[in-house]
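Chemist: Dropping a structure here in structure tokens format, bear with me for questions.
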Amino acid sequence: MAPPHTETTTTTTDTTPSTLHHRSSASPKVQYERNYIPPTFTIKQIRSAIPSHCFQRSALRSFSYVIKDLTAIAILFYLATHIDTHLPVYLRYIAWPLYWFWQGAFATGIWVIAHECGHQSFSDSKTLCNVVGLVLHSALLVPYYAWRLTHSRHHKHNGDIYKDEVFVPKTRSQLGLPKKGSEEDMERIRKSKEGGFFEDVPIFQLASLIGQQLIGWPMYLIVNASGREYPGWPNHFIPTSAIFEPKHYTSVVISDIGLAVTLSVLGYFTYAYSFMTVVKYYVVPYLVVNHWLVMITYLQHTDPKLPHYRGELWDFIKGATCTSE
């Protein structure tokens, strides 16, 4: 889902004491909304403020986190096998949601570790990072290499309204709105906006929120939901998709093979046991992982106070600080 705010920077020829102006070669004066003050520190200053041991990558320590989470997942899975056979019906309605919640929580930990593998933070060995990341992310139906490529571009262009990869806000022109005028004009636009009535209906908001939390992540992978505009069908599973370059073809195929292995295992258990068994043990915790992933990243990137820059107004340090933690 797209963030609720639109452009954060606008060109201006007026000087208003209540707002900050920043000169740029692209525009003589730029007005930042909400009294936003761009950062003036440098990457070097940030790195120097971080203790040196934080940059040390230990495969042993990283594997300890993997083992801890996988052990918890295995124990929960084992306990869940006794829910339907050892508990009365009324307790099953309590035990299964508890299993789903905690299994999803620990699986989210596995997701995050695989994410760190994509950033080469798991170990000093790039090969080890990629092997572990591929296995862990594939188990959670994430195309490791494919998503790693777009996620890397997201970090390189975070906050750039034209080049960022995800949670890109709609511009006023994309929403069919006129250029920003007075507050009275804005209020008139808000009141007359088509569909505005439904957007305020609680049941509509609830349904939209549930959809975002449960399937927002796979929809991003499949149709680039909330992502930047690309020609054709931007998809993380198709090697020829516009979001990839020709040199990425093999990496995307490897990601697809990893997913195919996981889907084959799930298919086997569906055949050997039942579809509902796979739903209870895997699919629901998978949806819980989606919930945590979307919630964390949505809150990080869509706070109304976070700016988005245009063209030469953007630089890496500004983009790197456009995240709410």
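Glycine too: its Cβ is placed from the backbone N, Cα and C atoms.
Positions annotated as compositional bias 'Low complexity' by TrEMBL: 1-19. Per TrEMBL, domain 'Fatty acid desaturase N-terminal' is recorded for 37-73. Annotation comment: TrEMBL describes 95-303 as domain 'Fatty acid desaturase'. Look at TrEMBL and you will find 1-28 tagged as region 'Disordered'. Taken from TrEMBL, the feature transmembrane segment covers 63-81, 93-115, 127-147, 249-269, 281-299.
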Chemist: State the non-local partners of the transmembrane segment (281-299) in its own chain: residues 6+ outside its ends, Cβ under 8 Å from one of its Cβ atoms.
Modeler: 1, 77, 80, 99-101, 103-105, 107-108, 111, 140-141, 166-167, 212-218, 266, 269, 324
Chemist: Over the domain 'Fatty acid desaturase N-terminal' (37-73), work out the mean pLDDT and round it to an integer.
Modeler: 92
Chemist: What does the DSSP secondary structure composition of the domain 'Fatty acid desaturase N-terminal' (37-73) look like, as residue counts for helix, strand and coil?
Modeler: 26 helix, 0 strand, 11 coil
